[in-house]
Amino acid sequence: MCARGFKSWGRPCVGGDAFHSWKLCFVSESLVFIFQYTRVWIPDPEEVWRSAELTKDYKEGDRCLQLRLEDETVREYPINVQSNQLPFLRNPDILVGENDLTALSYLHEPAVLHNLKVRFLESNHIYTYCGIVLVAINPYEQLPIYGQDVIYAYSGQNMGDMDPHIFAVAEEAYKQMARDEKNQSIIVSGESGAGKTVSAKYAMRYFATVGGSASDTNIEEKVLASSPIMEAIGNAKTTRNDNSSRFGKYIQIGFDKRYHIIGANMRTYLLEKSRVVFQADDERNYHIFYQLCAAASLPEFKELALTCAEDFFYTSQGGDTCIEGVDDAEDFEKTRQAFTLLGVRESHQISIFKIIASILHLGSVEIQAERDGESCSISPQDEHLGNFCRLLGVEHSQMEHWLCHRKLVTTSETYVKTMSLQQVVNARNALAKHIYAQLFSWIVEHINKALHTSLKQHSFIGVLDIYGFETFEVNSFEQFCINYANEKLQQQFNSHVFKLEQEEYMKEQIPWTLIDFYDNQPCIDLIEAKLGILDLLDEECKVPKGTDQNWAQKLYDRHSGSQHFQKPRMSNTAFIVVHFADKFPLVSDLFHDDKDPAPATTAVGKGSSSKINIRSARPPLKASNKEHKKTVGHQFRTSLHLLMETLNATTPHYVRCIKPNDEKLPFHFDPKRAVQQLRACGVLETIRISAAGYPSRWAYHDFFNRYRVLVAKRELANTDKKAVCKAVLQDLLKDPDKFQFGRTKIFFRAGQVAYLEKLRADKFRAATIMIQKTVRGWLQKVKYRRLKGATLTLQRYCRGYLARRLAEHLRRTRAAVVLQKQYRMRRARLAYQRVRRAAIVIQAFARAMFVRRIYRQVLMEHKATVIQKHVRGWRARRRFLQLRAAAIVMQCAFRRLKAKRELKALKIEARSAEHLKRLNVGMENKVVQLQRKIDDQNKEFKTLSEQLSAVTSTHAMEVEKLKRELARYQQSQDGDASLQLQEEVQSLRTELQRAHSERRVLEDAHSREKDQLRKRVADLEQENALLKDEKEQLNNQILGQSRDEAAQSSMKENLMKKELEEERARYQNLVKEFSRLEQRYDNLRDEVAVIKQTPGHRRNPSNQSSLESDSNYPSISTSEIGDTEDALQQVEEVGLEKAAMDMTVFLKLQKRVRELEQERKKLQGQLEKREQQDSRKNQAEQPKNDLDLDQDADLAYNSLKRQELESENKRLKNDLNELRKAVADHATQDDATHSSPDGYSLLLNQLRLANEELEVRKEEVLILRTQIVSADQRRLAGKNAEPNINARTSWPNSEKHVDQEDAIEAYHGVCQTNSKTEDWGYLNEDGELGLAYQGLKQVARLLEAQLQAQSLEHEAAVEQLQAQVEALKEELDRQQQTFSQTLLLSPEAQVEFGVQQEMSRLTNENLDFKELVEKLEKNERKLKKQLKIYMKKVQDLEAAQALAQSDRRRHELTRQVTVQRKEKDFQGMLEYHKEDEAALIRNLVTDLKPQTLLGTVPCLPAYILYMCIRHADYTNDDLKVHSLLTSTINGIKKVLKKHNDDFEMTTFWLSNTCRLLHCLKQYSGDEGFMTQNTAKQNEHCLKNFDLTEYRQVLSDLSIQIYQQLIKIAEGLLQPMIVSAMLENESIQGLSGVKPTGYRKRSSSMADGDNAYCLEAVIRQMNSFHTVMCDQGLDPEIIQQVFKQLFYMISAVTLNNLLLRKDACSWSTGMQLRYNISQLEEWLRGRNLHQSGAVQTMEPLIQAAQLLQLKKKTQEDAEAICSLCTALSTQQIVKILNLYTPLNEFEERVTVAFIRTIQAQLQERNDPQQLLLDFKHMFPVLFPFNPSSLTMDSIHIPACLNLEFLNEV
């Protein structure tokens, strides 16, 4: 493709295309554009471009447009009729704010400027794509978008997927370098203050972070450390920028084959040396001068003799020496640290600082002019000159002399000539610049040495930080070189853009034509061609007496005809170079920098350098004379050519930095300055090239999704979307030149996307109108129906009211008639009742009189009757008394006679000896008692007699005394009665007066006391009130203090918890870092070993595999194992290959094992309960007689019998294992089906014979026992007078009480059948009948039990059949569902699904067969066990019978006791020899695969290792314990290092490590860990060693494994998250696609990108969950794992949402909420909802809700603030800024609403971090989980090859 050069740059180049598109749309689509309300852009002197709207239709030929501006101002815009230059069209609002400017439908300058302004001011986005260029606007504010989290968010992402960022450009360069294996370059350009240095620094930081070095050289840190050094010596404050780079640099960052940084190299260009000696107002010299002055007070810098910067001439010319917000001393410390990191020794640093200080002193040397003006001098006492000479080590006199003189050398003589003051000042300044330039070059060279590497560089990425186009009122030679370099870079940029466009068209296979673009080769030829500006300048410098005027005249003569060269009218020494950006005026006398004079001993000509030797590390090689005379311009041109060659050999990436304003105001946009820089940096040229072709590009899929509303219904049936898109476009766009169909995309001319958007909006508008019309019609119909219903209701109520009123009138009329009737009836009734009452009164009085008469008569008769009754009663009582007295007399006479007769008989009997003997029995005691009683009575009688005599005498004396007083009283009564009465009256009066006085005194005292008491009560009440108040206050204080203390305690507790979590996190991070360092050490050691083995060959170090884990719970309890050793042992012995047990089988077997274990425990509990009840009953019913010994013997016999049976059970168990092994071996043989039935039938025959023999022996034993009991009872039968059937007998073989009636009935029955035998004759008396009856009851119970067992078997069979029916129904439903799902799949998927279904079916059948085999084997074992039990019982009965016959005469019933034989059981220890330890670790750790142990006990290696440790502890071998544990830990680390990406292997060893740790805790002997142990487990505790330190080591190892597990899981999940959560359409048709820009081109996307859906994420998590469950990982650890993974999912999704403008929409919020609900449902389905995983997703949930909330009013803002509590203020504002409508009907979030949100959220103390740290790892907790397994129940399978282990 060829290119043509234009004469000048201007807007017509762009405007022509835009106008062309506008005119085509105007003509072909007149209905769209000619009417009013079309929006356009018009030029404006202040804002550059202003938006306006047509107020009147435009017709071709009109001379002006009627426009209305945004401020409602009406304006006429004139149009040139000849050129018909119409204004630019404005893009639709939905396209405003796009990430890529090429996505705009109309590509022109105002659209670009407006899009950048909207993004910068409204959304605060500083980065925007413009095709291949990243436009970066300096915000003049620190933004939190450059952290490590942002780097990780952009790492691995495609460039168009994320929002524009410098990291996206760096990632694109890094990815293309790795994918294409081609070197890359990032070209950062812009004027001073635009942010070039910062952008380049962030790009290098990205490479240092993503491509970190693979070794310990820390080369990435050195690359970053070079930045502060270069900023210190090469950056300075200017009027445009506080940290402006005054040199250009190109840094090459080298990478190895694995794309790790191995080194770097820096090249610098055109240092601004003039700044060393001169600074304009408000500018500064280089930073290093001010940093050194700020640190002059340090002790090591005393010899520099520095003071503040204001004291030196070279640092005080610009005025203010400080920069606001910058600490020079702190920056100097950073600079020194950077020097140290780069390997600059302290002595070299001091030398550098000495040179810098000497430059300051040189600039302050005072030069005095002589009177003649032709010479000058320097004072010998000048302090600064002395310091200069002392610091550089030169002679003071020589320096003083040669600063003021110069040497002229001719062919014959040498002259020393004086110089004027100006010449001396120029020479001094040249010397200072030369010294600084040499120092700058030395530092750069040393940095390159520090960054150099001996490794071979595979590829590199270069970062070019170069100055942009600059033009000032007075320009120097340096500005000329800067613009020359930018001209070259612009040429390279244009060719690259054109090349990319051409590649895109060729790749998409569309026809293309030549595109005209600006070619700046003529301007470059003007500068660098032969006899160009630089060539003529070099030639003039070589002339002995060359002048600026001569050089300018040569330029006028040579280039006056060039279009890029102009001569000013008013000057003969100035000229103008017309660059691509602007005109650049220069004055020839300002080109002194190219000559660079300096004081020297000889004049070498113009362009010579200084002869003062500044020593460097090594002397430079002597250059040739020709090279020595190269000018600065020639050197710069050479270095620029080398740079261009390097850039042309790489793939360039462009960053254009824009300075928004000159005042350095944050987020302030000056359109004039911005558009000036856009024109200068080539952004608009990119736009023009894109607009000339097909700027808008759509993938077929995206175009179909966006514009399918424009597709006809009949075309939607076509499955070929490409054909549908072609048909639609051919119908909509009639001009075929407006679009092209590529291989994967559709290309549109400028403006066509806007037209399609207009058609789409019209379609939606028509649909909206249709919907509105239908809805409004429906609403009107509803309203009409409502009005009609209301009218009918009103009519109904009105008619009802009239009817009710008529009914009321009729009712009232009827009521009046009724009232009249009732009133008349009442009047008649009252008259009647009055007459009736009068008659009744008369009757009452008459009847009362008659009744009173009758009452009086009856009363008299009653009284007479009472008198008669009493008289008759008295007479009857008197007669009865007479008769009773007579009878008593007769009885007394008779009884006296009878008593006399009995007395006589007793006297006769008393004389007999036998009677006396009977009476004398106990009579002596009775006599003694009676004698004692008589004595007591005598004493009492004497006491009473004495008392009676005393009382009698006293009474007599009293009687006499009373008699005397009576006589005396009778004598004196007559005379003294009155006198005594008076005396008594008088005494009574005095007593009365005294009583009154006492009463008054008492009343006064009472009143006083009462007043005092009242006062005291009042005081007490007042005091009580005060006390109550004080009490309330104290209570309140106490309550407040308690609340405060509670709050403080809770706060302290929370702080302690938080500190604990932080400490745990820090500890686990330390463990992680230790693991990383340990792994790095191992890698280096392996690498050194490989190097030693294979010299000359260097192996790339392996990837780091940090062991990051900590987990627990690798076992199942005994309830899950129990007696399932049979099934597990069978699996182990038969072999995994033959057993073919998959995980489903194992889970079902585990379930079956748990059921059997529960049943066993239930039966055991019932047995224990029955034994307890029997023992209590036996104790309650034991008779207190000699038969207690029988019961004790019975109990002892039973206990011994039970022990014997347990021993026999163990032996049977061993025999059963052997039998099982034999059966399993037979089952694997081909003829197993023939041998099994024979063995089974043989066992049945043996069992039947044993049962028959048992019945015979039972009868014999019964007869024998009855005879024994009858013989014992017969001895006691003779003493009793009559048989005692009710006697309670303790039957030896029965614990039930025998009722009397049952015994009698049984007795009669037995007597009838055995009446002839003598033994049975005694049955009634000896209680043998109860024994017989008990035997009958046992038989009945046996029959009943058999009947119940048969009924239970029948019920179980019925239930089993019902379960089979239900299972068949479920299987049928599942197959139907599977069949319906299969029909929806593709043919390949159907085949795969069918294979999976067949595999699952075969697995289930295999499981059923295994269950059947297990049942048969269990039945066989049961029968064998019963056979052995019966045989044992028969032997016991025979022995008991023999013993009973030999000891029949003994009273106590003895029993034969079988002595239990103590067996040597497995003690849960494994013994191995020391030489077998390596084999043990190899077979159990290093070479062990998790698949080998499928179907065995989980965490089996941990149990085996502990049993080996326990044996070493048992033998007290500490060396063996130490060696085994150390080897185990190292082996586990080696396995995890080898399988650092194997999730199953990591899970396996996490569970085993945690189980080993728990075993060491559980059996440590610590009571805190033994609370749940059984007695058997306590026997397995360690006895000799305390392994606490090893427990800590294992805990750290568990943490490492857990961290590695999380790392593996995150590595598998992370590539799926963004695609599944944000990009995949979970809800079809919901998301819309917006126009995309150039960044979505196919070349920027890696081929074969995978698009994941949410189902893929769920499948992956299902896989994780299955593996962890299969390996026995505890549910709590599984919950922590998924909490961590869900946090990572939430963080990655939210981070991408915050960095993607296209993802922040309402539809994305809906998709997110749906996806989150699916994940929550998965958590609930796996019973993980309590793990806290949902809480970690709360920020993402709130972000999804925020995207869907309304964002308009104040209430909406309050709702958002109250809802989004988990999001920070920065994140909320970021999402609101990024919110992008997908349709024109949606509204953007206004800036005012965002400000409202910020105002309401300003009180929050949120962190400043924008993104979530998705690499954050929650501290893991390992709760102690003891195992219920005992060590002696562990079986070692043969597949482990551990035959050398011996069971102890």
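We number each residue from 1, going along the chain as drawn.
Quick reminder: no glycine exception, Cβ is built from N, Cα and C everywhere.
Automatic, uncurated: that is what TrEMBL annotation is.
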Item to check | Per TrEMBL record, range annotated region 'Actin-binding' [choices 410-432, 640-662, 778-800, 1813-1835] | outcome: 640-662
Checklist entry - To which of the residue ranges 532-583, 896-947, 1624-1675 does TrEMBL assign the term coiled coil? => result 896-947
Item to check | Cβ-based isolation winner (fewest other Cβ atoms within 10 Å) among the binding-site residues GLY193, GLY195 | outcome: GLY193
Checklist entry - So among the binding-site residues GLU191, SER192, who's got the most Cβ atoms within 10 Å? => result GLU191
Next on the checklist: What is the set of residues, excluding GLY190, GLU191, SER192, GLY193, ALA194, GLY195, LYS196, THR197, whose C-beta falls within 8 angstroms of the centroid of the C-beta atoms at the ATP site?
Outcome noted: ASN138, ARG240, ASN241, SER244, SER245, GLY468, CYS657, LYS659
Item to check | Which of LYS196, THR197, the listed binding-site residues, has fewest other Cβ atoms within 10 Å | outcome: THR197
Next on the checklist: I want to check the contact list for ALA194 (ATP binding site): same chain, sequence separation of six or more, C-beta distance under 8 angstroms. What comes out?
Outcome noted: ALA136, ASN138, ASN241, GLY468, CYS657, ILE658, LYS659, GLN677
Checklist entry - When you measure from the Cβ of GLY190 (ATP binding site), which residues in the chain that are at least 6 apart have a Cβ under 8 Å away? => result ALA136, LYS196, GLY468, ARG656, CYS657, ILE658, LYS659, GLN677, CYS681
Checklist entry - Over the coiled coil (1333-1440), what is the model's average pLDDT? => result 73
